[in-house]
Amino acid sequence: MAVQISPSILSADFARLAEAAASVERADWLHVDVMDNHFVPNLTLGLPVVESLLKASPVPIDCHLMIENPDRWAPAYAEAGAQSVTFHVEAAHAPVRLARELRHQGARAGMALKPATPIDPYEDLLGELDMLLVMTVEPGFGGQKFLDLCLPKIRRTRELVAKHGLEIWIQVDGGVSASTIERCAEAGADVFVAGSAVFAADDPGAMVDELRRLASVASENPSWRSER
Ligand SMILES: O=C(CO)[C@@H](O)[C@H](O)COP(=O)(O)O
């Protein structure tokens, strides 16, 4: 599992998004949080800003859609060129059809789970996905405390992915920092979203490097078990 870092622009200065993207050019992705003030109690940005970021960002865009009715809205992000588009299973009406549509448009298809949503009921969907996002805070705001209670779900997700012999990435998002990333990596996560830890750092690029180093070392001591 190669470790990947995806800084969340939710914690960046929204008047300087292009500069924020440039400051993390050694990251693997730029994580863009789209919130509609319905699925979550916060409003951020939408397709026009993502289209501009796609031109400005030195790294591919990882769109996390915290919106109602992603079946209706998510494909447009893929069509615009977002390289990864993640919808919430709690909001999707037809997740299989939606994942197929995202892939058809050329994007990686991601599915997100809120902290209280289990993974097991969705085992049959795994083959339709490129990434599972395990939220480690309630979606809506940056700067929240990491929820350790989500670690067993990361482990379980990794076990299910291994059981089916799939190549799905497991992303974690929320409260990920230099003091929590190792726990996530040991549990089986391989894509790490970090907002405040990166953009509140004096040197965001150096923090990306440090998070990658910590996660890479920790991922060599997995706490999940293969069922195969
Ligand atoms: O999706 C979300 C919040 O809903 C995240 O992307 C956060 O924005 C991450 O911020 P930190 O917890 O790392 O500050």
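Heads up, the Cβ atoms here are built off N, Cα and C, so glycines get one too.
For D33, the entry in TrEMBL reads active site, proton acceptor. A 10 Å cutoff on Cβ-Cβ distances gives D33 (active site, proton acceptor) a total of 24 other Cβ atoms nearby, all chains included.
D173 (active site, proton donor) has a Cβ environment of 28 other Cβ atoms inside 10 Å. Annotation note: D173 (active site, proton donor) sits in a strand segment as assigned by DSSP. Annotation comment: TrEMBL describes D173 as active site, proton donor.
Positions annotated as substrate binding site by TrEMBL: S8, H64, G140, F141, G142, G143, D173, G174, G175, G195, S196. H64 (divalent metal cation binding site) carries a strand DSSP state (E or B).
Marked as divalent metal cation binding site by TrEMBL: H31, D33, H64, D173.
Between S8 (substrate binding site) and H31 (divalent metal cation binding site), the C-alpha separation comes to 4 Å.
Cα-Cα distance from G175 (substrate binding site) to H31 (divalent metal cation binding site): 14 Å (rounded to the nearest whole number). You'll find the Cα of S196 (substrate binding site) roughly 13 Å from the Cα of D33 (active site, proton acceptor). Most other Cβ atoms within 10 A: among the binding-site residues G140, G142, G175, that distinction falls to G175. The record assigns S8, H64, G140, F141, G142, G143, D173, G174, G175, G195, S196 to the substrate site; their largest pairwise CA distance measures 17 Å.
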